[in-house]
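The region 'Disordered' feature in TrEMBL is assigned to 1-27. The feature compositional bias 'Basic and acidic residues' is assigned by TrEMBL to 1-12. Look at TrEMBL and you will find LYS21, HIS28, TYR137, ARG185 tagged as heme b binding site. Annotated transmembrane segment per TrEMBL: 251-271, in sequence order.
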Amino acid sequence: MESTKSKPRDSTGSDLSEQIKAATKDSHVRAENTQLMLNHQKGQITQTQYKLLLCSLYEIYRALEEELDRNADHPAVQPVYFPQELARLESLELDLEHFFGPHWRKRVTVPAATHRYTQRLREIGKNSPDLLVAHAYTRYLGDLSGGQVLGKITQKSLGLSGIKGIAFFSFPGVTSPNKFKQLYRGRMNSIELTEQQRQEVLDEATRAFEFNIEVFDDLQKMLSITEEASSEKRNDTASQSQSRTFSNSPILQFALGVGITLATVGMGVYAF
Ligand code: HEM
């Protein structure tokens, strides 16, 4: 028997955009309250922390946007396909180049959680493109909401000028984030889904938040160990001169931290 497609829109609060917001409400609170996001909101993000976050965002958006591009004509992707307005990959490339220089590609390092997240994106892009909307919603509407505040905080905390290093937060193709979010919600609501597909999208959105939380937690673990290592080094009087060399070189400090994390946590770090 053919399954019944649900009505694209109605006025009883059963629009996909409303359901997805309700379904991910608790996850949103948890994501906001991860240590990394709390520090970020308080303006306590260091350049090392931000660079590590950018590396993970780069791999996440590379997977998300390649899968959206590949499925651009799919009926559940086409209504929410806005590469001109939303695509983040090029801005992340600019930010990474700003911080790491022209050979930034060799410096992209991510924890295991980021790798699991991108694997999931590749898998659904290949086998269940209906679910891509859940991931696009989670990232892009987040970037257009709290992300806008985080951009300003990052700029101030790191003393950056203009758009350099914070291109990720800037959406030149979106004049009003609020109006664009309304348009996006309307497009989400126009996607025809069976009840089963709709439930799968809602479950996938919760999963998308979970992936983000796991990435933030893994990054926080890497960073805590990096900071501990730096502070141990500073306290080690026997190796004072070496310590100064590391703390004077952000790139060495970054590599040192990641290396120590690999050895200590054993959680898997992927360099691309
Ligand atoms: C510092 C952490 C965060 C803050 C302060 C924050 C803040 C906000 C605020 C104020 C809104 C409401 C905007 C509105 O109603 O127009 C919002 C919406 C949203 N946020 Fe966040 N957020 C944070 C982290 C995240 C994270 C980590 C994600 C996902 C990865 C996320 C995903 C979303 C989504 C998808 C929406 C749209 C909800 C909807 O209208 O359906 N947020 N956020």
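Every residue, even glycine, has its Cβ placed from backbone N, Cα and C.
Feature annotations (TrEMBL) mapped to structure.
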residue	record	contacts (Cβ under 8 Å, 6+ apart)
LYS21	heme b binding site	none
HIS28	heme b binding site	PHE209
TYR137	heme b binding site	ILE20, VAL80, TYR184, MET188, ALA205, ALA208
ARG185	heme b binding site	ASP15, SER17
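The Cβ centroid of LYS21, HIS28, TYR137, ARG185 marks the heme b site; residues of that chain outside this set whose Cβ lies within 8 Å of it are SER17, ILE20, THR24, THR138, LEU141, ALA205, given in sequence order.
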